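**Student:** Take a look at this one; I'll ask things after.
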Amino acid sequence: MLLSWTSSQVRAAEEPLLAAGVPLMDRAAFALATQVAALLRERLGRVGGAHVAILVGPGNNGGDALFAGAHLARRGAAVRALTVDERVHGAGAAALRAAGGRLVAADEGAAWAADADVVLDGLLGIGATGGLRGVAADLVERLSVGVRGLVVAVDTPSGIGVDDGALPGPVLAADRTVTFGAAKPGLLLPPASATVGQLSVVDLGLDLAGAPAIARLDDADVAGLWPVPPADAHKYTRGVLGVVAGARRYPGAAVLSTTAAVLAGVGMVRYLGDVGDLVVARRPEVVIGVGRVQAWVFGPGVSPDDASQRRRIEHAFEGVRERGEAAVCDAGALELLPAHVGPHVVLTPHAGELARLLTTRGEHVDRAGVEAEPLRWARRAHELTGATVLLKGPVTLVVGAQSAVYSQAEAPSWLATAGAGDVLAGLLGALLAGRADDIHEDPSLAAALAAAAALVHGRAAHRANPGGPVAARAVAVALPETIAALLADA
Ligand SMILES: NC(=O)C1=CN([C@@H]2O[C@H](COP(=O)(O)OP(=O)(O)OC[C@H]3O[C@@H](n4cnc5c(N)ncnc54)[C@H](OP(=O)(O)O)[C@@H]3O)[C@@H](O)[C@H]2O)[C@@H](O)CC1
Ligand SMILES: [K+]
């Protein structure tokens, strides 16, 4: 599991080590230089003679970059540091000069940086207040037009909202971010997370206190959460999922959500709706009609003005309230959500649907507003409804009980396709049904399961067609192998 910690938590953990004389900056800079040298060897076959540009801000972030530059200069790289402020980390600048590197003013070095093999962005780290200003902002705007080489961000892409993932000004998008001590929330949160590239965390031996801000599950976590049937399992002990989905106008959503649930390995799926004939023709495992269930999927392909589906969903919500059945509330069912539910109900809106849901509850926000501050609005929806909220997007965020926040970024952009949400709903429903008793005991588990479903959804899309277009049905079909691979590697 990747955990992230706020800048003040990181500073608090650094303090006792710095007081004890632990050379944190040396460690950070050495690890950074080692990674950059490896990238140069990969790209050019050598470090000697490579052109390395360093963007140097006024604080310790610039210091890290200068010391890393000194290491690279000693290995034969041609290193130029572009300064944006009169203040420059003194010892770092001296080390770079002693190693043969040069310091130049930003406007003098910008063209050289645009053509360098690697650009190290050490303008700002956790000391950033607001977006980049002045010369630093001008330099980044100029380089954002295009740099030939790789961009490596030092600790964070300079100028992101380190704790909230905001993009308050220009940011040079990185190919890789080498972050020190611990990941920071802004590296995992949209929209800033889109500027991070590949994330690498350098362990500085920090003893981080308090709860981490945001988590990202990995494959082993998901394998640990998966409801693997014991030897004496039968279909009812494995969980029964009720699915209220689809209509004559939207039959595909019913087929896709039930298919995903069956292929994710639930004990049984009961379908409620008007297209049972089509569902059974595609998935003969599905049982039509009412009966006892442990969890529900409401909403894929349901219009709120469909009176019969509406009745079924409203009736089923009584079971959710009275018997604590877990539920996925998706698409059309979001408009049928009762005023207040518990975290065992997982909402799965995209940004536009979340904006609508919030608006009906008195908030003033539109789709663009949700996209600019997704964590803020997912949190708000959790506070207002009591539900666990899974906000779909290029990065999926989950906010649940006990301040749980997850950020999952496995989905390829190809997964932004019709029907993908129906597959996610069915897959998540299968997980909720399979762990219904545990959710009963601890409703905050629903958030971890929602994050797990997002990871599996993304992995299944990769497996269905690595690096290329993928149809929703193919994602569902890839689920059994994807889950088996996760469990085998655990
Ligand atoms: N702590 C440690 O032991 C370790 C820390 N490490 C490293 O230190 C980094 C943190 O260093 P830091 O605290 O010096 O802050 P940093 O990010 O360099 O920026 C502060 C400077 O930027 C300026 N500035 C602020 N906002 C601005 C803006 N929008 N636009 C323009 N300028 C702006 C601000 O100016 P001021 O507001 O004071 O006028 C101030 O001068 C951390 O990210 C990691 O890389 C590692 O070596 C491991 C050990
Ligand atoms: K930086």
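Glycine is no exception: its Cβ is also placed from the backbone N, Cα and C atoms.
Pulled these from TrEMBL:
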{"type": "DOMAIN", "residues": "10-212", "note": "domain 'YjeF N-terminal'"}
{"type": "BINDING", "residues": "60-64, 125-131, D155, A253, G301, H350, D422", "note": "(6S)-NADPHX binding site"}
{"type": "BINDING", "residues": "N61, D121, S158", "note": "K(+) binding site"}
{"type": "DOMAIN", "residues": "218-486", "note": "domain 'YjeF C-terminal'"}
{"type": "BINDING", "residues": "K392, G393, P394, V395, T396, G421", "note": "AMP binding site"}
**Student:** When DSSP is mapped onto helix/strand/coil, what comes out for V395 (AMP binding site)?
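**Tutor:** Looking at the DSSP assignment, V395 (AMP binding site) belongs to neither helix nor strand, so coil.
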**Student:** Count, for each of the binding-site residues G393, P394, the other C-beta atoms lying within 10 angstroms of its own C-beta, and report the residue with the smallest count.
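**Tutor:** Comparing Cβ neighbour counts within 10 Å for the binding-site residues G393, P394 gives P394.
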**Student:** May I ask for the distance between G63 ((6S)-NADPHX binding site) and T396 (AMP binding site), taken between their Cα atoms and rounded to an integer number of Å?
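**Tutor:** Roughly 34 Å, rounded to the nearest whole number.
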**Student:** When you average the Cβ positions of K392, G393, P394, V395, T396, G421 for the AMP site, which other residues in that chain have a Cβ within 8 Å of that mean position?
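**Tutor:** Going along the sequence, the neighbours appear as H350, L391, L397, A411, A454.
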**Student:** I'd like to know which of the binding-site residues N61, T129, S158, T396 has the most other Cβ atoms within 10 Å of its Cβ.
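**Tutor:** It comes out as S158.
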**Student:** Which binding-site residues from the list N61, D121, D155, S158, P394 come close to ligand 2, meaning a Cβ under 6 Å from one of its atoms?
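**Tutor:** Checking each Cβ against ligand 2, the ones under 6 Å are N61, D121, D155, S158.
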**Student:** Let me know the model's mean pLDDT on the domain 'YjeF N-terminal' (10-212).
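**Tutor:** Taking every residue in the domain 'YjeF N-terminal' (10-212) and averaging pLDDT yields 97.
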**Student:** Would you list, in sequence order, the binding-site residues among N61, D121, H350 whose CA lies within 10 Å of the CA of G421 (AMP binding site)?
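**Tutor:** Checking each Cα against G421 (AMP binding site), the hits are H350.
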**Student:** Do you know which of the binding-site residues N60, N61, I126, T129, V395 end up with C-beta under 6 Å from ligand 1?
**Tutor:** N60, N61, I126, T129
**Student:** Just checking: which of N60, N61, T129, D155, S158, H350 have a Cα that is within 10 Å of the Cα of T396 (AMP binding site), counting only these binding-site residues?
**Tutor:** H350
**Student:** Out of the binding-site residues listed (I126, H350, K392, G393, V395), which are within 10 Å of S158 (K(+) binding site), Cα to Cα?
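**Tutor:** Checking each Cα against S158 (K(+) binding site), the hits are I126.
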**Student:** Compute the centroid of the Cβ atoms of N61, D121, S158, then list the same-chain residues not in that set whose Cβ lies within 8 Å of it, in sequence order, for the K(+) site.
**Tutor:** L55, G57, G62, A65, G122, L123, L124, G125, A153, V154, D155, T156, P157, G159
**Student:** Between the Cα atoms of T129 ((6S)-NADPHX binding site) and N61 (K(+) binding site), find the distance and write it as a whole number of Å.
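**Tutor:** T129 ((6S)-NADPHX binding site) to N61 (K(+) binding site), Cα-Cα distance: 13 Å.
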**Student:** Rounded to a whole number, how many Å is the Cα of N61 (K(+) binding site) away from the Cα of H350 ((6S)-NADPHX binding site)?
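**Tutor:** The Cα atom of N61 (K(+) binding site) is 36 Å away from the Cα atom of H350 ((6S)-NADPHX binding site).
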**Student:** By a simple count, how many Cβ atoms lie within 10 Å of the Cβ of D121 (K(+) binding site), its own Cβ left out?
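**Tutor:** Total other Cβ atoms inside 10 Å, all chains included: 31.
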**Student:** Can you tell me the CA-to-CA distance separating K392 (AMP binding site) and N60 ((6S)-NADPHX binding site), as a whole number of Å?
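**Tutor:** Given the Cα positions, K392 (AMP binding site) is 36 Å from N60 ((6S)-NADPHX binding site).
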